[in-house]
Amino acid sequence: MASFAELVLSTSRCTCPCRSFSKKPLILPPLSGLRLVGGDTKPLFRSGLGPVSVKRRFLTAVARAESDQLGDDDNAKEIDRIHDLQNVEDKQKKPSQLKKRVIFGIGIGLPVGCVVLAGGWFFTVALAASVFIGSREYFELVRSRGIAKGMTPPPRYVSRVCSVICAVMPILTLYFGNIDILVTSAAFLVAIALLVQRGSPRFAQLSSTMFGLFYCGYLPCFWVKLRCGLAAPALNTGKLSPFISLKFSIGKTWPILLGGQAHWTVGLVATLISFSGVIATDTFAFLGGKAFGRTPLTSISPKKTWEGTFVGLVGCIAITILLSKSLSWPQSLFSSIAFGFLNFFGSVFGDLTESMIKRDAGVKDSGSLIPGHGGILDRVDSYIFTGALAYSFIKTSLRLYGV
């Protein structure tokens, strides 16, 4: 007796003279992840891949199975028809995905702006929460099949302890100011835990864990140093310029209950300019790549191009100069250009670093927390190195912090 699949699929064969007819039943190749379900009210196929993916695999399998029973011309037309259906579905998905990205991007950007303006413990606790989630995503990437295939990942209890250590680092930075000794001590204790574990310790465990502490914990602490540590006022100095009216209007209209004009410190202005520079880099690079992109930037991220990267650099420097003139910080035009370049470089370098990690892990996104965007690391990768570069530049290269 013919199977249920053979009976169902045999009805789809055409008996018209334009196609050769064979009495042989149509046998599909094995489809992983699919199983037949009987009954009129139940679906024919169930799969964790979703209805669209199952439909595509089903249609493609049918076309391939018919290749031995149809002529070459008919088979080519059948394959083209299926590909056309897939292209139509992809085009219908793109607008919805873009709309979702824009909605959630605005929904995230507004609260982040309020947290940056608030500063202090609000900023630090929000950063610590993001660091904890990002560190969990990082260690899950390290344990993923793509990376773990060539190395031994750290034990789960070590990765969980490291995530907690990373989340505590920004809070300790705000309280103590300098946490170099504490970070070194924590790294030493984690290294001892890896060396004395049961089994056979591996250097890959030590290297991936130490990098996780540095990448997910230590580097984000520079945003606390930048936003909360540079408390010099930034809006009450400077020579008059065409842009100076905005500076005074912000200082005069800012509520006294929220700190008044003194609330606008070098740390706040520098953080706002850095955030705006990173956003400008991503936006202009995306638009430039769509319009002029021809030369791939690197194999790590094939969609990035040199043309788009150059447009991102120009956009980042332009936004930095505009904001620096409006807020009268920093005073020097050369300092503004240098600050914009560092924001651009930190943004691109952080983006490529996370792309390299995901590429080795064999995944597209670090997580699925934010619909249309992926995980936390997918959204903050451009900020991880930027804070350290911005803070170091202000502390070492700007006289009187650029005021």
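Heads up, the Cβ atoms here are built off N, Cα and C, so glycines get one too.
TrEMBL entries are annotated by machine, without manual review.
According to TrEMBL, the transmembrane segment annotation covers 102-133 (among others). Long-range neighbours of the transmembrane segment (102-133) within the same chain, counting only residues 6 or more positions beyond its ends whose Cβ lies under 8 Å from a Cβ of the stretch, are 163-164, 166-171, 173-174, 216-217, 220, 223-224, 227-228, 267-268, 271-272, 275, 367, 369-373, 375-376, 379-380.
Annotation comment: TrEMBL describes 175-196 (among others) as transmembrane segment.
Feature annotation from TrEMBL assigns transmembrane segment to 208-226 (among others). Here the transmembrane segment (208-226) has long-range neighbours at 123-124, 127, 130-131, 134-135, 138-139, 142, 151, 153-154, 158-159, 162-163, 165-167, 169-170, 173-174, 177, 179, 183, 186-187, 190-191, 194, 267, 270-271, 274, 353, 383-385, 387-388, 390-392, 394, meaning same-chain residues at least 6 beyond its ends whose C-beta is under 8 angstroms from one of its own.
According to TrEMBL, the feature transmembrane segment maps to 264-287 (among others).
For 308-327 (among others), the entry in TrEMBL reads transmembrane segment. Under 8 Å from some Cβ of the transmembrane segment (308-327) lie the Cβ atoms of residues 234-235, 241, 243, 246-247, 250, 264, 269, 272-273, 276-278, 280-290, 292-293, 297, 333, 335-337, 339-341, 343-344, 347-348, all in the same chain and six or more residues away from its ends.
The annotation transmembrane segment is assigned in TrEMBL to 333-352 (among others).
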| message | If we skip the immediate neighbours and take only residues 6+ beyond the ends of the transmembrane segment (264-287), which ones have a Cβ under 8 Å from one of its Cβ atoms? | response | 112, 116-117, 119, 223, 226-235, 250-251, 254, 304, 308-309, 311-316, 318-320, 323-324, 327, 329, 339-340, 343-344, 346-348, 351, 382-383, 386-387, 390, 394, 401-403
